[in-house]
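A quick write-up on the structure given underneath.
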There are 2 protein chains.
Amino acid sequence: MASFVQYPADHPFPIQNLPYGVFSTDGVASTRPGVAIGDFILDLDAVSRSEWFVDAGVEAEVFQKGTLDPLVASSPESWPLVRAFITRLLSPTSPLKANARAYLVPRETATMHLPITIGDYTDYYASYEHAYNCGVLIRGPENAIQPNWKHLPVAYHGRASSVVVSGTPFHRPTGQILDKVGDKQPIFAPCRRLDYELELAFIYGGAPTKLGSRLSPSEARKHIFGYTLMNDWSARDIQTWEYVPLGPFLSKNFCTTISPWIVSPEALEPFKTKQYDHDPKLLPYLDDPEGFGFDVPLTIEIKTPESGAYAHVSTSNTQHTYYTFAQMLAHHSATGCPLRPSDMLGSGTLSAPRPDGLGSLLERSKMGREPFELDASRKDMTFLRDGDSVKFSAVVKAPGGWSVGFGECEGTVLPAVPFEG
Amino acid sequence: MASFVQYPADHPFPIQNLPYGVFSTDGVASTRPGVAIGDFILDLDAVSRSEWFVDAGVEAEVFQKGTLDPLVASSPESWPLVRAFITRLLSPTSPLKANARAYLVPRETATMHLPITIGDYTDYYASYEHAYNCGVLIRGPENAIQPNWKHLPVAYHGRASSVVVSGTPFHRPTGQILDKVGDKQPIFAPCRRLDYELELAFIYGGAPTKLGSRLSPSEARKHIFGYTLMNDWSARDIQTWEYVPLGPFLSKNFCTTISPWIVSPEALEPFKTKQYDHDPKLLPYLDDPEGFGFDVPLTIEIKTPESGAYAHVSTSNTQHTYYTFAQMLAHHSATGCPLRPSDMLGSGTLSAPRPDGLGSLLERSKMGREPFELDASRKDMTFLRDGDSVKFSAVVKAPGGWSVGFGECEGTVLPAVPFEG
């Protein structure tokens, strides 16, 4: 399958990918939904107002509200129709070819925005390797995995208001920490253990569920609109002090970054892989015999202000969730919690079972006890310093020869805001 | 101060109260914001479209969107102006008096709705007595209060999608629980320890804060739009199993009920009381020398299906928060988390230091170990059974002779939804 838009064979945004995003351009006040194709963005708002908008699977106004929310809220049955429509529109025989300039925006001229208006945001803890690594660091290998972990996808509610799009810098958080281990009196000081967490987020779409209703994994899977890269920036020292007994709060809600592109389940079909074996067996409400993972490598790079160039840190993989995404959603609805379109759910840190596959600095530096060499500019890396940038990316090659990319999830640490008390 | 609307001297909604809500009436599709006055609701949407809408402090369209969100998002400086306008409109000399039928809706004919579109919802754990009681039950009196508790208002992010208005029934949640203490394999079964939590919620209003910005308690206080009663229904057995290490999740997100009326800080002025002494001293970012609590009694009643009448269980008080509401908000912003208008924040269970002042059944029944007599129909009360209703209410008499009521926060437990797996 080809497109009239030209791009190299290994381009992350070929016609087989078609990730959704929201963009704006200079001189136009409003944001518009679009689809990445090669080095361009197909302007879906413009398309929806054109004569080419025929058999699109949804009404034109779905693309005229400035966000992807109306598409996400549309029936899941419509999503493949919209994808087929866009594929036709970008095919070599498309009538759009002669009018491409009116509908295709060079990506380098666009500013990307949060693609959806996140209602509720939930974060899981679903990577066995990450849970095991953290458990070993905190409790030792004997008790690394806690009793509930292999029975349910542990999760907490996150903060939707602090989710930002890739490229948004944020200040090092200031909060209550213990100056020395064993102190009883905390201090209010800039975080000293600022970390990232490599995650894959997914978006709930379609009709909301009602209070008290429950989805099976196979029902839940149909509601997954797409996937995006996520960095759940974490303040480890603030977390250690605050999280007893109700879980992380300020240590997680100062910034969460997502990539601007949402990759559809259909684009990820070629990368399906076997799900984890579950021993002990999961309870029947989590039964997901058709469940699968995705084999998509995820890379982490860090750029120090001294070097100015990204250095590779880890390569993990989206397949490292012990629970399928459908099981995570099914569990979420088990007690009757309503799910609403544009809810976002994070996988939790995705660590691979290799020293060079760890999804956080906590694991990589063994809680800061084992500094490592990032590059010539940072030979004693433990946690993030001011000016450091972190970039997650994912590009995977399909058996058919094309590549599928997720775009980038990037952020830079600004100095803490001084406290003038 | 009197109104042309007639009501008894001890009515919970006199002209000194004026709580805001959102209502609908038969035959009218849309919801409208209103203010309770005696047994009526002043229809603010209708008023905003009338010739009487003069010097109201905000534009007319603020009342024409079907929710209170635009008013909550308006400048805090405008709120007293709106209140003064409504007070004039309801005064004995008001021109509205001759046209009252067009603007006053009998409350008994109205259906109440969620007053705001909650963005993010945060729940604190701010009552010393509740934290102490729970600590004693779980860890014994020596270690009842955990090391961080007296230094920061412990909190977690809750689920906005499961917040409902008073009167909404909900199904007993089904989730993972341990059949017997010490079991390693959980079962998926209806909750056996369904509880309520008596809370006061407050609403953030005014301009959103930016990522990275921080509010002092005195700045934060200006952003409190108002207060409402809240029941943070809790599944204790689901919570015990799931909450390690990231806090409560499904045990809290199956239903959270709020009363339909939002009481303004001005209506609560007569009930200000001294804040708690803080020993150890709080860190400077939480300094709130002008801080205060409110002395408002809160009552809990339960109605069993066998009796059909409410029986009194507890009387607590809104003053039982160790931290002021302004301190809770200031803490929330400490690391730079954005606060947005219509965010809701709960106090945590409010228990008074008296056996008849406990805010949860967990405390009242000592984790179910000490059943108590509710009434003739339930001599062995521990946790909630199917068909039980719980009602929170609050009416307080001001020194000036009038009363201020919060309305009711009520819900009924329906049987669990069967699992057909």
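Every residue number used here counts from 1 along the chain in the order it is shown.
Note: Cβ is positioned from N, Cα and C throughout, glycine not excepted.
What you are looking at is a predicted structure, and each value in this text was computed from that prediction instead of being measured.
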Additional site residue, A:ASP232, A:ASP277 [criterion: listed by TrEMBL with A:LYS252, A:THR256 for Mg(2+)]: A:ASP232
Site-mate of A:TYR125, A:ARG139, A:GLN239, A:TYR243 for substrate in TrEMBL, selected among A:THR25, A:THR349, A:THR382: A:THR349
Recorded Ca(2+) site member, picked from A:ASP120, A:ASP123, A:ASP343, that accompanies A:GLU197, A:GLU199, A:ASP232 in TrEMBL: A:ASP123
Near chain B - the binding-site residues A:TYR125, A:ARG139, A:GLU197, A:GLU199, A:GLN239, A:THR349, filtered by Cβ distance under 8 Å: A:TYR125
Residues in the domain 'Fumarylacetoacetase N-terminal' (A:16-115) grouped by DSSP into helix, strand and remaining coil: 39 helix, 23 strand, 38 coil
From binding-site residues A:TYR243, A:THR256, A:THR349, the one whose Cα lies nearest A:GLU199 (Ca(2+) binding site): A:THR349
Cβ atoms near A:LYS252 (Mg(2+) binding site) (within 10 Å, other residues, all chains): 28
C-alpha spacing of A:GLU197 (Ca(2+) binding site) relative to A:THR349 (substrate binding site), in angstrom: 5
Candidates A:HIS130, A:LYS252, A:THR256 (recorded positions) - the one closest to A:GLN239 (substrate binding site) by CA: A:LYS252
Three-state secondary structure, A:HIS130 (active site, proton acceptor) (per DSSP): helix
Site with most surrounding Cβ atoms, counting all protein chains shown within 10 Å, from the recorded positions A:HIS130, A:ARG139: A:HIS130
